[in-house]
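Summarising the annotation, Swiss-Prot assigns domain 't-SNARE coiled-coil homology' to 169-231. What Swiss-Prot records for S12 is phosphoserine. Per Swiss-Prot, topological domain 'Cytoplasmic' is recorded for 1-240, and the stated evidence type is sequence analysis. As annotated by Swiss-Prot, transmembrane segment applies to 241-261, with the evidence given as sequence analysis.
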Amino acid sequence: MGVIDLITRVDSICKKYEKYDINRQRDANVSGDDAFSRLYSAVEYALETVLQKTEDLSSETNKAKAVAMNAEIRRTKARLLEGIPKLQRLSLKKVKGLSKEELDARNDLVLSLRDKIEAIPESSAPVVGGWEASTSYSNIRFDTNVSDDRIGSEYFQPTGESDQFKQEYEMKRIKQARLDYIAEGLDTLKNMAQDINEELDRQEPLMDEIDTKIDKAATDLKSTNVRLKDTVTKLRSSRNFCIDIILLCILLGIAAFIYNSVK
């Protein structure tokens, strides 16, 4: 196979699968209002961050820190899975500048992203310094005749370092729980804001139509008032003319009466 044939084959393969490139879809978006691309990028970035944390967790030697990291990974994984249904709804929304094939490919992108999120490992880091089985010390024997006075309640009394470690761990746990609560609240507010924005976008054509109808009604009412004013003016003029005729007839009658009396 020659170089030209190889380049042609690579170009055909790239063209076949370019509809699955979310970055190209974002660049090709003309309207600039693609909520799917924004949410997909955010979830993808969070997924990369979680995967990096899982790699750090595998090499973590501090047991308390490893437990905290593992809990954070589980919470983030659950949060990412909660965003998948919204991504699926947004993938069905038509976007100006994208073809039908690219819109159909978005569902495949969401399914692939969900599989990656579900594949995130949740195992904690290995415990360092714990009890491990070893065949090199199979000859070690434990003496069961140790006096109870040597292993009493004082042997298990907490030290200053252990109390300090416990306090620090409890403070970090409480602080992390509060931060998680705040983060969940912010996520909820963010989702509400996005939903409100989408609803406003859907209601905007209706508001424009209502404004148009109001303007038309105001124009019709103004023209009706003008016609009504003209009609009232005409009626008033006709009434004044009739009154003038009646008064003239009365005056003529009085003049005729006086003339007949004098004659």
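For all residues, glycine too, the Cβ spot is worked out from N, Cα and C.
Since we're looking at a predicted model, the values are computed, not measured.
Using a Cβ-Cβ cut-off under 8 Å and counting only residues 6 or more beyond its ends in the same chain, the transmembrane segment (241-261) has no close neighbours at all. Across the domain 't-SNARE coiled-coil homology' (169-231), DSSP assigns 63 helix, 0 strand, 0 coil.
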